[in-house]
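As written in TrEMBL, here are the features:
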ACT_SITE  109  active site, proton donor
BINDING   26, 27, 28, 80, 179, 233, 234  FMN binding site
DOMAIN    24-287  domain 'DUS-like FMN-binding'
């Protein structure tokens, strides 16, 4: 399979290149450095970190060490923050600025704890606060190449979403990622028509997100919405080689994950969970029963060697 990865390293150049930008979503526990390293080998153009609570990140060195690791090859990289105060988001952006290409404000997380804290998807109902946060970061970060983006869900009344996006655009947001579901919707079909309307209402890049499982899906959603980028979460967990055109995880990718995870000292649970996702489509029910209860790295390595020659 011909793996085509865009060589541009600046997210704004990527999103304005006319090519569909292939993006790894911010995923709690999963889109950490080792996994980002893996998907970048398989034609992923741009990666996000998992969501980090900005207030904790600013306050605690321990939080910074556990939440964020990177290296030279880990670019272009967007760090996603949960925040509800402009100055806290700025302080977090200032700390991260030397190590990343931009920050993203999470305005889409529908989890109850996040909404209760004033984070995530409840921000789509506070366009002025979103504007304020974007404006502050824009004013306080000296680097003009440093991007400030937002990731949102849609309202039942799409006019409100368009209004939010246009206000964010007027304040200098770099691009907007749209998950095409409302806060209440979980497994309902994604409203790609809504993403298309949002794209047509803005002059900045728009990234489409939601239910994209294969490279074919990504191409279809691009045609349906006109989006400049396609962001994938679960589809990449199940098949990290998806953007390179593989229908299911190739053994080479599993081998790469083992090598990368061991090199990065990935904790066992995370190492094992990724493999469970990757092997979902290529293992029988019986094999899953055995593989999913293995409890040490050496047991997993023996199993992979015995069954797959990995």
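Numbers here mean position along the shown chain, with the first residue as 1.
A Cβ is built for glycine as well, from the same backbone N, Cα and C atoms used for every other residue.
Just so you know, TrEMBL annotations never went through curation; they're auto-generated.
The C-beta environment of residue 27 (FMN binding site), restricted to residues of the same chain at least 6 apart in sequence and closer than 8 Å, consists of 50, 233, 237. Across the residues annotated as binding FMN (26, 27, 28, 80, 179, 233, 234), the widest Cα-Cα separation comes to 17 Å.
For the binding-site residues shown (179, 234), fewest C-beta neighbours within 10 angstroms: 234. The Cβ of residue 28 (FMN binding site) has 50, 51 as same-chain neighbours under 8 Å, each 6 or more residues away in sequence. For residue 80 (FMN binding site), the same-chain residues 6+ apart in sequence whose C-beta sits under 8 angstroms from its C-beta are 26, 48, 49, 50, 51, 52, 103, 104, 105, 106, 151. Geometry remark: residue 109 (active site, proton donor) versus residue 234 (FMN binding site), CA distance 15 Å. For residue 109 (active site, proton donor), the Cβ neighbour count at a 10 Å cut-off comes to 22, with all displayed protein chains included.
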